[in-house]
Amino acid sequence: MASSSSLPSSNPFGPGSSFAKISEEEEYDVTSPTDPSFRRSHTTSQSPFSSEAGPDEDEDENNNNTQINRNIFASAYQDSGEGLSSADLSAALSNAGGPGQGMPNNYAMGRRTSVSAESLNPTSSGADSWTPPFHPKTDEQLSRLKKAVSGNFLFSHLDDEHLKTVLDALVEKPIPAKGIKVITQGDAGDYFYIVEEGTFGVFINPSGAAQPGPDGLGTQVGSIGPGGSFGELALMYNAPRAATIVSLDPKSTLWALDRITFRRILMDSAFQRRRMYEAFLEEVPLLSSLKPYERSKIADALDTIKYAAGSTIIREGDPGDSFYLLESGEAEAVKAGTTVKEYSRGGYFGELALLDEKPRAASVIAKTDVKVARLGRDGFKRLLGPVEQIMRRTEYDVDPAGTPTTIEWLCSIYSIDCAMGIFVLIPPGDLHLVDA
Ligand SMILES: Nc1ncnc2c1ncn2[C@@H]1O[C@@H]2COP(=O)(O)O[C@H]2[C@H]1O
C-alpha cells in the first residue's frame, strides 16, 4: 500500500533535526553514514571519529598527498580541496544561465519535492506487479554504458539478470555546461547517477541544505569522475540529499537510474555490504582517519574470503592484485621460512606489491581459520589514497640486518603509528605516546 510523506524542509543531518523516516522502511533501523549519530548507533565503544573533517583537514590531507613521490591513487571519487570555489561556481552558474537552464528533465533543481513512500522492500522484488522501466538503447549507447558501470563497485556484485534490468532502466543524461547542479543538498532523492564522462564537484553546506548566495553551496569536499557514482544516500536512507553535486566540465554525460529500480535491484547488495562491513571497518586502525562516507565506499568494493588454517593467502614472489584486511582469525607473514609479522583482526597486508608494483615481498599464511576482506587493485587505488602515507610509513622499515628495529616492531605489535610522536616503553611492556 502506498502512502505519501513530505520530506522536512530542514535536513535531518543538521542540528536539532526531527526527521521522521518513511514508515514502510522501518525494517532498516539505520542512519546514513553522513548522520552525526551514525557511529554512535553502530558501535558500543566511544567512537574516536566523532566529527567530520572540516575544510582545513581536507586541505591538510591534500597537502600531504602532494608530498608523495609517486601517487598511484587515481580516483573516481576523491577528496579534494581543489576545484571551483563556491564563488567560482556561482559565476559559472550564472554564466550557464543559472541553475535550471539547459537542465535535463527530472533533476532536482533547487526545488523541494515530496516523495511518495512506495512500498519498497528491496528483498521482495518480484513479489508484486512492479515492472522495471525499459529504455531502449543503441549499440553505441550500450557499449558506453557498460564501460561506465564496469568500474563501479555497486554494479560488480550484480548477477547477469539484475545487471541487465539495471542497464535497461538507466537513461542517458547529457550535461551540456559547467556549473549545472545535478543534485541540491537538502532536496528529496529521485535518481541515482553514474558518471560516464566529466567531473562533478561535491559541496556540503554545514546547515544541511544549499543556501542562496555566493557561498550557499558550502565547501567542496570531493569530486567524482568517470566510473564513479552519486546520489545513493538519499535513496538508501530516505533522507534529503546530503550534498550538492555540480558539473565541473563544459560537457559531461551521466546515466540516471530511477529511485524504485535503484532500491529494488542495486540497493539490496549495496546496503547489505555497507551494513556488513561498517562496524569492522571502524575498527581497522589504518582506516581510522577516513570519514564514514569514505568507509562506506570501501565497503562497496570488498569481498569476504575464508581460508582454512595453514593455507597460503599470499605467496612470496607472486604478482600482487589484491589488498587484504583481516576480519577474523590469525595470520602471519613469512619470509625465507622466518615469521616477520603477525596479524590479528583489523590488520592489513598485501599493500606493498600494489603500492610499488613489485612482486609479493613475503608469504602470508593463515595460522587459524581466517576471514579476510579483499579489495582488488582498482578499489585499492581509488579508495585508499588518503591512507597511502600511513601504509608507506615505517612498518616495514628494517635495519641493515633486515630485521625491524625494536621500536618499529613494538609499534606494529601495538598497531601504533610510529611517526606520530615519541613513544616510551613502560615496563612490563606498555608502549605510551608521550608527545605528538
Ligand atoms: N562526503 C560526502 N558526504 C555525503 N555525500 C557525498 C559525499 N561525497 C559524495 N557524496 C554523494 O553526494 C550525494 C548527494 O546526494 P545523496 O545524499 O543522495 O548521495 C550523496 C553521495 O552520493
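Each residue, glycine too, has its Cβ placed from N, Cα and C.
What TrEMBL says about a protein is an automatic prediction, not a curated fact.
Because the structure is a prediction, the values reported are computed rather than measured.
Features reported for this protein in TrEMBL:
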BINDING   Glu232, Arg241  3',5'-cyclic AMP 1 binding site
BINDING   Glu351, Arg360  3',5'-cyclic AMP 2 binding site
COMPBIAS  1-19  compositional bias 'Low complexity'
COMPBIAS  115-128  compositional bias 'Polar residues'
DOMAIN    154-283  domain 'Cyclic nucleotide-binding'
DOMAIN    286-393  domain 'Cyclic nucleotide-binding'
REGION    1-65  region 'Disordered'
REGION    115-138  region 'Disordered'
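Contact annotation for binding-site residues (Glu232, Arg241, Glu351, Arg360) versus ligand 1: Glu232, Arg241, each with CB under 6 Å from a ligand atom.
Broken down by DSSP into helix, strand and coil, the domain 'Cyclic nucleotide-binding' (154-283) contains 44 helix, 39 strand, 47 coil. According to its DSSP assignment, Arg360 (3',5'-cyclic AMP 2 binding site) is coil. Glu351 (3',5'-cyclic AMP 2 binding site) sits 29 Å from Glu232 (3',5'-cyclic AMP 1 binding site), counting Cα to Cα. Listed binding-site residues: Arg241, Arg360. The one with the lowest count of other Cβ atoms within 10 Å of its Cβ is Arg360. DSSP assigns Glu351 (3',5'-cyclic AMP 2 binding site) to a helical segment in the three-state reduction. Rounded to a whole number, the distance between the Cα atoms of Glu232 (3',5'-cyclic AMP 1 binding site) and Arg360 (3',5'-cyclic AMP 2 binding site) is 36 Å. Taking DSSP states H, G and I as helix and E and B as strand, the domain 'Cyclic nucleotide-binding' (286-393) has 33 helix, 39 strand, 36 coil. Just so you know, the Cβ of Glu351 (3',5'-cyclic AMP 2 binding site) picks up 22 other Cβ atoms within 10 Å once every protein chain is counted. Per-residue confidence over the domain 'Cyclic nucleotide-binding' (286-393) averages 94 (mean pLDDT, predicted model).
Counting Cβ atoms from all protein chains shown, Glu232 (3',5'-cyclic AMP 1 binding site) has 24 others lying within 10 Å of its own Cβ.
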